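A.B. asks: OK, TrEMBL features for this one:
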| type | residues | note |
| --- | --- | --- |
| COMPBIAS | 293-303 | compositional bias 'Basic and acidic residues' |
| COMPBIAS | 304-315 | compositional bias 'Polar residues' |
| DOMAIN | 86-144 | domain 'Potassium channel' |
| DOMAIN | 179-256 | domain 'Potassium channel' |
| CARBOHYD | ASN82 | N-linked glycosylation site |
| REGION | 273-315 | region 'Disordered' |
| TRANSMEM | 7-32 | transmembrane segment |
| TRANSMEM | 122-144 | transmembrane segment |
| TRANSMEM | 165-190 | transmembrane segment |
| TRANSMEM | 202-219 | transmembrane segment |
| TRANSMEM | 231-251 | transmembrane segment |
Amino acid sequence: MSTAFRSCFVLGGFVLAYITYLILGALVFSAIERPVEDNLKSNLTSLKAEFLNLSCINATALEDFLERVLKANKYGVSVLENASLRTNWDLASSLFFANTMVTTVGYGHTTPLSDAGKAFSIVYALIGVPFTMLVLTACVQRLMHPLTYGPISMCQQRAGLNPRAASVVHFIVLMVLVVLGFFVIPALVFSAIEESWSFLDAFYFCFISLCTIGLGDFVPAEKPGQRLRALYKISVMVYLFVGLMVMFLVLRTFHKLADVHGWTAFFQLPSCEEEDEDKEPIIDREPDDESPEAEKASIKQRDPSAQVSYDSING
C-alpha cells in the first residue's frame, strides 16, 4: 500500500468515524428530547386554551402565563401555532445541535429539556470536542502541503520571489479567496434564503459562526414553514465544518508567515517547524514528487539538514 493511499485511507477513516459519531449523538438526543418536547408543547397548548377562556384576565394570571411561555421559549418551544408545528429534535435538527456542540459554535437556540439530555450532553461534548479538533487537525495537516507549502514554493521558483515576499503574496491571495468563498458568497446565499436577513446580517452570522463565537441571535432554518429544512440544516453543518477547517488552515499559514519573517523568534514563541518536529504527523503525507532542484527551493523541506534557516533570512 502506497504512502499516499494509506494517508487518504486514514483521513477518510477519521471523517467517517466523525460522521458516525454525529449521527449516533443525533439519534440519542432525538430519542431523549423529542418526547419531552412533545409533552411541553401539549402543556403550552392547554395553558393557552385556559388563558383564552378566562372571563377576566388579571395581572397575576397574565404574569404566570408569560413566565411559563418565556421559560418554554428558552428551550426552543414556542406557543405560536406556526412555530409549534415543527420540532427541534428531528434527525436533521438533532444533527445540527450535535454539530454546533462539538465544534463549540453553540448557538444556544435549542437546549436539552431533560436531565438525561443534559447529562448526555456533558459526556458527548467531553468526547466530541477533542475528537473534532483531532479531525480538523488531521485534515489541515493533509492540506498544508498542496495549499501552503506548494504555492509558496511555486512563487519562489516561477516568480523568482524570496521566501518573505512569496509567503506574503500567498497569504494575501489565500485571505482574499477565504473571504470570498466563506464569507461573501455564503452571506449572499443566506441573505437570499433567509428573507428577514440583510447582507450584513448574513455576513455577521458567517463571521460569528466561523470564529466559534455563536451568539445565537441569527440561526438559519428556524423560520416557520422553511422549505427543505432538513437539507438546509445539513448544508449549514457542512459549511460550518469546512469553514472551521479553512480558518484553522489560515491560522497555520499565518504561523508559517510569522516564522519566515522572524516574528516568532522575536517574541520567543515556538515556530511551526518546531511544533511539527515535536510530534509525529497524525496522517502520513504524500511522498514529494518534485525534482531535486525544486525540493531544494521549496519552503518546506523534509530533510532537517536542508531546512530553511530563518536566521539567515532575517540577516
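Positions of Cβ are set from backbone N, Cα and C atoms, glycine also.
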A.B. asks: Could you give the residue numbers and ranges of same-chain residues that sit at least 6 residues beyond the transmembrane segment (7-32) on either side and whose C-beta is under 8 angstroms from one of its C-beta atoms?
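C.D. replies: Here the qualifying positions are 1, 89-91, 94-95, 97-99, 102, 112, 114, 116-117, 120, 124, 127-128, 131-132, 134-135, 138-139, 142, 283-286.
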A.B. asks: Between the stretches 122-144, 202-219, 231-251, which wins on the count of C-beta pairs under 8 angstroms to the transmembrane segment (165-190)?
C.D. replies: 202-219
A.B. asks: Could you put numbers on the helix, strand and coil content of the domain 'Potassium channel' (179-256), residue by residue per DSSP?
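C.D. replies: In the domain 'Potassium channel' (179-256), the DSSP-based counts are 55 helix, 0 strand, 23 coil.
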A.B. asks: Looking only at the domain 'Potassium channel' (86-144), what is the model's average confidence as pLDDT?
C.D. replies: 91
A.B. asks: Checking distant contacts: for the transmembrane segment (231-251), what same-chain residues at least six beyond its ends satisfy Cβ-Cβ under 8 A?
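C.D. replies: Contacts of the transmembrane segment (231-251) (Cβ under 8 Å, skipping residues fewer than 6 from its ends): 92-93, 95-96, 99-100, 103, 105, 136-137, 139-140, 143-144, 147-148, 174-175, 178, 181-182, 186, 193, 206, 209-212, 220-221.
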